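Database features (TrEMBL):
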ACT_SITE  283  active site, nucleophile
BINDING   100, 101, 102, 105, 191, 192, 193  UDP-N-acetyl-alpha-D-galactosamine binding site
BINDING   191, 193  Mn(2+) binding site
């Protein structure tokens, strides 16, 4: 009897998600009934992190802590932050953090993003901030800690916000092949319309890093918003795609990010030549890349959380918080 009730609840949740896609966000709370899966016991002792050593996936039995290809999913409590800090110091790392602040996004979000990054991002490590903007003189000059620098890269002002988003991969690829690639060993690329709220340390680094999307991490694969137009270079067919990754946070080594940005830039060019635009622009192409080339590490939604979702028991310590979306004002 309990199995029948369990599956009835699952079907109810799936039905609620289906309705959610058609504009009933009040039903979102039902998705907490969808199980996230469990990391196989045979795999958990083998999970290792390049900074923290052996991970502790059993410390979070209520969430999925690994992938089918053996990559860890980093949740609060599954790693030792002190070990991660010590290992990063031992490796004498410089970490790059890129952010695009174009148009009204510069005045609205950039200063708080940088101020909170100084408080929480890779504290105690050498960091180079790379701000991409069409107005370098308007970038706020904030006091930075020892070993932390700010670089400003000029980019062209695009006519549409969609073009700003899609031009990002091309600009990142060029920067990674230039000074950014020479200065940093690992780079994290982030959206500007968010702010840091908790420690975001070396546990987030790996050869390639993908961020589980806060709004979709519990959804079944068939409901994830992958690009489905087969004509697009970003298209994923039925049964393809592992998780839905958020383009607000991704990263990796310089070499890995060069491959990722080159792939996405090519796909965007190909779509444009065909008169196409993927549903979620560069994010759609990023999801295609990570389907073809599995990330070495996934960050849980704790690392990039939307307060609009509400309280979730598994979100213990958010590291980045989305700012309120004011698209009518900022994209007008």
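Here, residue 1 is simply the first one shown, and the rest follow in order.
Glycine is no exception: its Cβ is also placed from the backbone N, Cα and C atoms.
Projection of TrEMBL feature records onto the structure.
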residue: 101; record: UDP-N-acetyl-alpha-D-galactosamine binding site; Cβ contacts under 8 Å, 6 or more apart: 109, 110, 113, 131, 132, 133, 139, 192
residue: 191; record: UDP-N-acetyl-alpha-D-galactosamine binding site; Cβ contacts under 8 Å, 6 or more apart: 99, 100, 247, 248, 249
residue: 193; record: UDP-N-acetyl-alpha-D-galactosamine binding site; Cβ contacts under 8 Å, 6 or more apart: 105, 108, 109, 322, 323, 325
Original post:
Around the UDP-N-acetyl-alpha-D-galactosamine site recorded as 100, 101, 102, 105, 191, 192, 193, what other same-chain residues have a C-beta within 8 angstroms of the site's C-beta center?
Top reply: 99, 106, 109, 110
**OP:** Give the distance between the Cα atoms of the residue listed as 'active site, nucleophile' and residue 102 (UDP-N-acetyl-alpha-D-galactosamine binding site), rounded to the nearest whole Å.
**Re:** 18
Original post:
Out of these binding-site residues, 100, 105, which one has the fewest other C-beta atoms within 10 Å of its own C-beta?
Top reply: 105
Original post:
How far apart, in angstrom, are the most distant Cα atoms among the UDP-N-acetyl-alpha-D-galactosamine-binding residues 100, 101, 102, 105, 191, 192, 193?
Top reply: 11
Subject >> All-chain count of other Cβ atoms within 10 Å of the residue listed as 'active site, nucleophile' >> reply: 23
Original post:
Around residue 102 (UDP-N-acetyl-alpha-D-galactosamine binding site), how many other CB atoms lie within 10 A of its CB?
Top reply: 20
